[in-house]
Amino acid sequence: MSRLRIFDDHTPDTPFFVSKEQTQITAELHKIGITFERWEATQAIEPGATPEQVMAAYRADIDRLIATHGFKTVDVVSIAPDNPKREEMRAKFLEEHFHKEDEVRFFVAGSGLFTVHSGNKVYEIECVKNDLIAIPDGTQHWFDMGAAPYFVAIRFFTEPDGWVGHFTGTDIAQRFPRYIPEGCQSAH
């Protein structure tokens, strides 16, 4: 289940807001310019589905976003716990950074934790299957896929180079807890 926790940036162990309610999550994130939606597949996605099958299942929503936002590239990323590069991939996203384009991800399966630093607040957003998140360009954030990552996500890009992070050099991401998916154990 999706979850939003909001912290003051100096109190990483004490959220002042916690919700698993879709309408509350959407409303809180909208205040800082983040889009958060739930999508439903038009056809079943089977384990081992190809990227083409994944995109076909969500074609109407993908086309709507492309038309609305002018995305030039769409792809599918799939990470499993046995991926030999999982630690390297996790480390790449764990430091606070921003992009010069919106970061838009739709979770087809699995989960991950986006954490946004906006003003003096930190928004921890657990994204799960059927969640779409769009983080505006210039927004400082980090992403944690967990130590045993499992997710399949559709990624949208306006830049042909794909993912390009501009790191802030701050240590804020290190001060906040790491992601442990619900059901594994409590991360916080």
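One-based numbering along the chain as shown.
Quick reminder: no glycine exception, Cβ is built from N, Cα and C everywhere.
Among the candidates His69, His117, His141, the residue that Swiss-Prot annotates alongside His97, His99, Glu103 as binding Fe(2+) is His141. Among the recorded positions listed here, namely Asp102, Glu103, His141, His141 has its C-alpha nearest to that of Glu96 (site 'May play a role in metal incorporation in vivo'). Close to the recorded Ni(2+) site, the chain also has Phe98, Ile135, Thr139, Gln140, Trp142, Phe143, Gly165: residues not among His97, His99, Glu103, His141 whose Cβ is within 8 Å of the site's Cβ mean position.
Proximity of Asp102 (site 'May play a role in transmitting local conformational changes') to non-local residues of its own chain (separation of 6 or more, Cβ distance below 8 Å) is seen for His69, Ala134, Ile135, Pro136, Asp137, Phe156, Thr158, given in sequence order. Summarising the environment of Arg105 (site 'Important to generate the dianion'), the number of other Cβ atoms within 10 Å of its Cβ, over all protein chains shown, is 20.
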